[in-house]
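Look at TrEMBL and you will find A:6-26, A:46-66, A:86-111, A:118-135, A:155-176, A:207-226, A:238-255, A:262-284, A:290-308 tagged as transmembrane segment.
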Amino acid sequence: MIIERYYSSLTAVIGLVLLAILFAYIQPMILSPFGVTMSANQGTTLALAALAQLVVVLTGGVDLSVGAMVGLTNAIAATYMGTHPAIATLVIIGTLFAGTLAGFVNGLIVAYGRIQPIIVTLATLYIYTGIGLVVRPQPGGSVPSGFANALTGSWGYLPYGLIFLLVVVGVAWVPLMRSRLGRAIKAVGDNRNGARVSGISVARTELWAYTAGGFFAACAGIFLTAQTTSGDPTIGTSYTLNSVAAVVFGGAVLGGGRGVALGPICGAYFLSLLISVLFASGVSPFYQNLLQGAILVIVLAAANVWRLRTRHWLNVMSN
Amino acid sequence: MNNVSESKRAVALPSWLLQGVTISYILLVVLFALAAAINPHYASWDNIRNLLQIGAFIGVIAVGQTLVIITGQIDLSVPWNLTFSAILMATLISHGTSTPVAIAAALASGTLVGMFNSIGTAIFRIHSLVWTLGTNALMQGATLVYTHAQPPKVDVPPFIRALGAGNLWGIPVPLMVWIVAAIFALVILHQTRFGRYLYAIGNNESALFLSGVDSRKVYLGAYAISGFCAALAGIMLTGYSSQTYLGMGSDYLLVPVAAVIIGGTNIMGGSGGYLGSISGAMIVVLLQSVLSTVQIQEAGKNIIFGSIIIVLLLLYGREKLSTH
């Protein structure tokens, strides 16, 4: 049963393992504590962004503003954190609040404005990037070194970044998904009218799903701040598309209802590791974009061929 | 479902007035009047001509985007498809290829990329949002490999320059191209079987399939046209700026989509049309133009542009409440 539950994640898990083995074969130095930590840290921001995307995708929507929220929270954290630990803590809480608020606004417009999520989040992408630019017109800022070390350091082979991700999953994701709201989120994504007639408030469910998305995006922004030790409101751009790719590669269905966190997280690490592997195997930078795009496209096609094989063409269409 | 919600409306307005297309044209007029009231220069023919010229680039891309969105899909591969086509053309010209051949090659390249989009969406059934973004990344990579990040320095031939910036009898040539493209789009959508299939796919693909139409070919056509339009816009932009550069497509990822949606086409497919996209493109251009003349930072422009799109959609882009 547990295998059935995580079956959709299989592609991403196997892909990640194979890629890690390939990486270790090309570059054995990666198996040092430093190498493991570096690889993990590169993927953690995207993994958190993928969670932000997943909670929205589960309702049947899509959030194009994930990257903007990551950039906005990154800008806020790096601008106001200063050096004093107490202030830094307050700023982290404030950053989480800001991200959550951004998600809340998305949810409010989607759920009660009844506008298509893709176009709402496209508009808020501009708004949040704009606010980020108000907070921090030029890239820069600083963070306490203790804060950066606490998130990006490691204990032997165990990177703190991975622990941070596990804490977010354990404290926020799992309780959310196990709660009444979590079940409502999946129900709404699976069958809106079915959810409505069984007494679930679709609008309220969507509102809180987007709000949760904002919270996870803020977590990604905070980790990114620790990783880059600076703020840049436009740094998040690539996270929007990559988070969607990670979520789809991780077995969640755009259209809603199905998906577990494991797949998208592995998908996120897969995508970020891919860049390192290409870099390590000495591929010219000009070819890296091309290969990255090609691999993404091939993987998506291959993952879907399996789905097509097992279904009638008409079933495929209604999805 | 529609009938129920229509009859519940307290004030009976004529139904044509409530359509997105009509509202978007009313909005366009209101916005233009506001802009002209603040700054009389807006009403001058020079400025209108300028707006129409810039609107042509978005409008041409919106032809393909409208077709694709009516099927319920989206084409996010425009930026780098456009850039690659333009750079391909410029490179061929710099190697001495004649202008018509170079233009044909660019259009062919764009069309092929469009067809590649339909392979993923129609055959592998991957969500077009993801697949076309993948294509976009692929074309970005292809452009970098092809140019080694150094777009060719080339003397843009007069014909291409005319396509992007020329004037004929006082009317901008890009506007003429746009008019031709618009007529093409309207005829395709409303006078051909292919056009009816586009709407049918957006409404219910299974039903279309069961009535014996191979919907994959319909997707192929829509995406091929979209790719062609992207390449055409790339050629026009090359003429407009007299050069090719790597960032030339970056403004065209989401703006054409916004134009189509503001014009009243449903992003889920099945309804809408190109008539609305024309006013949508002009609304977007007008907003961008107003925002670029007022003295505010880039940040403020982003915030205002995003907010206005949301306000416009709140005005008329709302979905009907489900009544069951």
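The first residue you see is number 1, and the count goes up from there.
Using N, Cα and C of the backbone, Cβ positions are placed for all residues, glycine too.
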Using a Cβ cut-off of under 8 Å, list the residues of the same chain at least 6 residues beyond the transmembrane segment (A:238-255) that approach it.
-> 7-12, 15, 45-47, 49-50, 52-54, 57-58, 60, 62-68, 70, 125, 189, 220, 262-268, 270-271, 296, 299-300, 303, 319
Which one of these stretches, A:6-26, A:46-66, A:86-111, A:262-284, has the most C-beta pairs shorter than 8 Å to the transmembrane segment (A:207-226)?
-> A:86-111
If you count Cβ pairs under 8 Å, which stretch among A:46-66, A:86-111, A:118-135, A:155-176 touches the transmembrane segment (A:262-284) the most?
-> A:46-66
Six or more residues out from either end of the transmembrane segment (A:86-111), which same-chain residues have a Cβ under 8 Å from its Cβ atoms?
-> 52, 61, 63, 65, 69, 72-73, 76-77, 80, 117, 120-121, 124, 128, 143-144, 147, 202-215, 217-219, 221-222
